[in-house]
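Visitor: Before we start, here is the structure in question, set down as structure tokens.
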């Protein structure tokens, strides 16, 4: 098959010598598979002669594969065997010739040969013995490495049961599915193994299997039932068929071990695809693949074949699976449908299911391939569909054939329906080709052979039956008449159980339990064909398509076959099998079924010695408490109260109240007890329900484990809550039921408090016709007042206290619960018969009283008696409540409303809770208006009735009390009135005390004063009613009065002030009524309330910091009307002393100082509201005159601050503000950092401070002013080399530098942060390449680590060069990164210098420095030298008694500290655009087109790290020089200039971005988008970085100028065309830099889900959260990250989080994390190194002692090697020198010498011991 010409279908194969005639189409053989009566088409005469088919059994095996042939079958066989040997078995040991094979096989005697002599169509005995042996699966034949096709039978929490051929079942552990799944769960499994032996010590042997599943932790992340389906076909690799199980003694000790049969399988692709090579992959071959990742259009699959080979499964090829349901790590059996052009991607299909047509033809989707060509026999694995050439039929009851004429294949009687030989021979003809599917491949067999199946459901990979057979015949069902339809001697019986198409199978060992049946006969004996016997269903094997049965008598009589058959609450019998040491016993219920009785359930009383009462073998009666079939657990009880109880069983929460049952107390609490019933159902037994008598301490009367009779009081099935009672249910008899039924809604009752809780009262009703009725009063139903008043009222009540005037609001007869209310408003309504309790009472316009049930967005729901509920929509609520959360209502708050609409059919109605107009109001039950009443003891001595107090009447009133906003008076004993504070003073001058006007009048209680009646007051709603009102909605009217001197003059007009009479600009006297966060509410009359914005209260901003103190409730203000809207009822006022000036964009000007209210505090900005229409921004640079004091954390929301307007942009409606003291207070105040408004304010060579705006690859961008930015080159950051310089700078960090260049026309500023530039001192001249010579020894640092070597930078110079991999060490180095990391100090030898090419080469081998090693015999340690290459071996030094530490370099990690810091620097992502100035900067790019002509200086190093980068830079510079031509001397002034530039270098992203910026400066956003699209299409595909730059610029632009929709669309496209993770990170950086932290947070949340396996993503998110002060979320993120990432990455992840805590979080928490790491990874000295560095950098000031302590602990660690100790001592010494502590330096040297001496002594002692 190896030659290419033989890889065609058999019909198409042809050679020069052999041209077989095409055989009939495959459909004919498929018909025979279904047993169709139609016959195959006649073959040509040459091949159809019987003599040619049956002349020799040798010839049968070589029947030609394509129809007739001019060769005889024997000749064809010989040719095929020779070709097979040449192509596949060139090694010689894999196969033998046909003749030799036959001879070898003839020596083996087939089983039961004598039984098959008379078979029709079978030749002589000698012929039957030739050829491969037919055999199926069995435990004996199963060896590790066997591969089988199976069908998923059951899915458990921790494993999968896979049905295998020949009635076998294997188990796939959760750890053998795929590598992805294993990595996700191994961390959780690791911690649960330690205590397993102790917990299982006393468990019964028979219950071990059940306990195993229970002890394994279940992972929320790995849900097997969501990854696999019942009936799914999979290929499995057999790990083992037997396992050793420890047998434990009575006390849990290990006494012995036994072997049990358990087939353990693996689905991992690398095992399931064993034998498949990359060259074997062809269309039709089946492979098992696991999901690596889920993409938009399909799945990336891992097949375990080759390192770089991946599979792709399209979403259209998923078959019965859905893309959204696929999980990573999920395993699917697929077929290969093609390969990509480069051979690295294999196209797969999981659409395997096929169906038989009516003609018997197999038809399927795109995946219905049958393997027609193969390069080797490795392609024939289980699950593969093939064509088999039949050579024998009926051999050992099966079929024998060959595949492609070279591979032997057999099928046993199970998989050819061999129990009916006639039917089999009709279906399968010798010499025909049949469709088959391979089911088994045995490993390491001499003669290669596969087992196949022709069962229809296996061929089509579909279920054996449309409906599961166990649905019709469940397990344990007894079939009385099972008819035998087939007999296989020495194997078993096939029976008909009445399920069409599904026969049953009885194994020979399960035929009889009385005698052993060794052989079976088809025609004689009790088990002949046609005989019937009773049988019991044991299960169903979906792979064989057979029901499994047993005819054994003991099985037929057995009560239970499995735990599923046992019902909860059932009383069963069993024998005690074992007595556990912990107090429980094990009871054997049936064969293989054991139950456990816990100690608390052995008896109704506590047994001191249970072993004396119970003995092994004793028969007992028990009741089932709970079952767990999945865990194979059974819990029983022996309590007589439970076993002998006839009460109902409570096994769920679906139980009716009043049900009586027996439960067990499992917990005693001070407030009650927890009662446990069956199946884990629990209920709460309150202490009040434990007994009719009073119980103070339940523990004195009850004990845990006690059985109690209870009855259910209430149950909530959804919440799984239940309340029960021990009280006699008979106490609630017919009398109580009748009394409860007679109780009416709205009825007034009384009762005695029987129970009190924090939220309610339980009251036993009195005088209702029967005792025992109880009601509940919720705390909110006690009063009409506030929550505080309700709480105070509740505290006053005591148990036993009698309560009167209780109104029945609702009742639940089934729950026997009555809801009562004490609200005075409801009680009064009930007494007046106006309380709503039915829908018939309601009519439009009715005034109703109720209480708030709940609130929603649409409005408030108001509840009444009898469960009647009405809705008050938002617009029907009082205006002042509409904007409030929950509309300002509390649950159970009393309200009065008016019915405004009704729906009689739906019985719904709408309410209005606005103040009620009496002209529209009628009483709920049709009562007339309140009748006139007598005025008792009128104060004026004249009035006799309420009607006498007409509007405008001047009368006398007696002061009852003086409040802050009103005076309460009495007109008569039964007539009340109030005088609002606005109705007392005529003018501002009359008010003596402005903060407390009424207290300044010195009014006394009981004083008589003159008043005038002006209207009525609604006390319930605190609203003023018009003069036309004669009575309020209250029972007793309260009159609104005035005491103004001008009003009480006889003849004065009594005109009510309305809002339409209030003119804009008019002045009024107002009084504070309420204070909110952003405004103040004032009254200018009892009926008119206005709003004063916080900023309009006063001109003195200092008073606004505490408004309540300076303007308390009731204080007086002089106000001016700003706005009045009578229709909407809105009035805006201002109390400023100066003239009211409307603050809008037209009224604002630069230099204005105005007050503002802080509305939002962002990361780098503060938003301040100046007026309703104007909101300004305070940038970080404009906060303070000293940048070190500029912090946005100094501002809080709603703070009032004085700000200075520094810029107004009317077109974009943006206002820039400043809070610099020099701007808002006094311009003469000292200014440390002067304001920079334009580039002209910056002078060359001056010192300036600014905020770091952006950290990019080009350097730093420092903000000097709002629109002025300076650039600091990388080379100008420091005088010396900075390792990982990006980590030294953070956005918004304050830096100081000197201006080194200012280009005013171009608007460019260059700045230097070099200390020498700041101080003016000239640094020492650095050495050049000519200063060094070949062979010189130098010190330096590792600049970069590459695969081919390391780049070394010489100290004190700008010279760097390469040390090749071969020059690093004297021995071969495999992984350089494990030896060196960037920044490591080294000692190097110069090997060569090439002055022409400006190159230098180094060597780091230890042998180069042998002559330079210092002598360590004096016991000293030299710490001043730079450490270089690694020690080769310490043995030479140790032999002399010394320890050489001279060559020890800094501590190195597998993933070292430097790499950690590099990773952490990833948090500083690409920057977002910043608007203003000369243009935009984004992602490190300057958007201004002018910048392309600026000379690029690059003086960082003389030699490049990588040659390709050097060439790229050189090529680009040359191109720009050549193409700009005459434009060098001028700027691009037009689109044409830019077009010329991009035409010359179309792949330069910088030119395109500057072109975009040019268009944006012109306001052409759409054109800028078009340019970006052109750039993306124009730049070559290979220039990934350049294309990505354009995408980043486009994202910046959409963020600044687009909307959310365009930004989202652009982001989705960018992710499709670039690296998804990289684009997401850049987008988060854009959001962060533009102040959109909420969007950044949302995007981070998406990233940690999408890239959950990337540690950097988690670290970046955490840094973002910590930088924004969200420490709690960042710490929660660490927990999530540890769950998502593999365990091996946890250490580095925790190090990152700990380092971030030091930098931006809580250093103390960082210390805690490092301490935990040191304890967990005690062998990792690298953690010490990182810990010390973090403590030194971020541990805080004066933390030197803490660092010294860490150094002492680190060098004292027993895991610290001499090499690591040298590095630690060196860094310690450098620290002391930096601190200037000479004593500390000496202490370090002394400690180092002591360390060396100790090591010498240890080495010497070891040498003496050896001698």
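Using N, Cα and C of the backbone, Cβ positions are placed for all residues, glycine too.
Automatic prediction, not curation, is the source of TrEMBL annotations.
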Visitor: Look up region 'Disordered' in TrEMBL and report which of 1377-1396, 1477-1496, 1497-1516 it refers to.
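Guide: Checking TrEMBL against the ranges 1377-1396, 1477-1496, 1497-1516, the region 'Disordered' one is 1497-1516.
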Visitor: May I ask you to indicate which of 1245-1300, 1301-1356, 1413-1468 is given in TrEMBL as region 'Disordered'?
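Guide: Going through 1245-1300, 1301-1356, 1413-1468 one by one, TrEMBL flags 1413-1468 as region 'Disordered'.
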Visitor: For the domain 'S1 motif' (952-1030), which partner among 658-727, 746-823, 845-914, 1245-1314 gives the most CB pairs under 8 Å?
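Guide: By Cβ pairs under 8 Å, 845-914 leads among 658-727, 746-823, 845-914, 1245-1314.
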Visitor: Between the stretches 284-351, 746-823, 1065-1136, 1245-1314, which one has more Cβ pairs under 8 Å with the domain 'S1 motif' (658-727) than any other?
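Guide: Most contacts with the domain 'S1 motif' (658-727): 746-823.
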Visitor: Let me know the model's mean pLDDT on the domain 'S1 motif' (1335-1405).
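Guide: Mean pLDDT across the domain 'S1 motif' (1335-1405) comes out at 88.
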Visitor: Going by DSSP assignments with H, G and I as helix and E and B as strand, what are the residue counts for the domain 'S1 motif' (1065-1136)?
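Guide: With helix first, then strand, then coil, the domain 'S1 motif' (1065-1136) has 13 helix, 34 strand, 25 coil.
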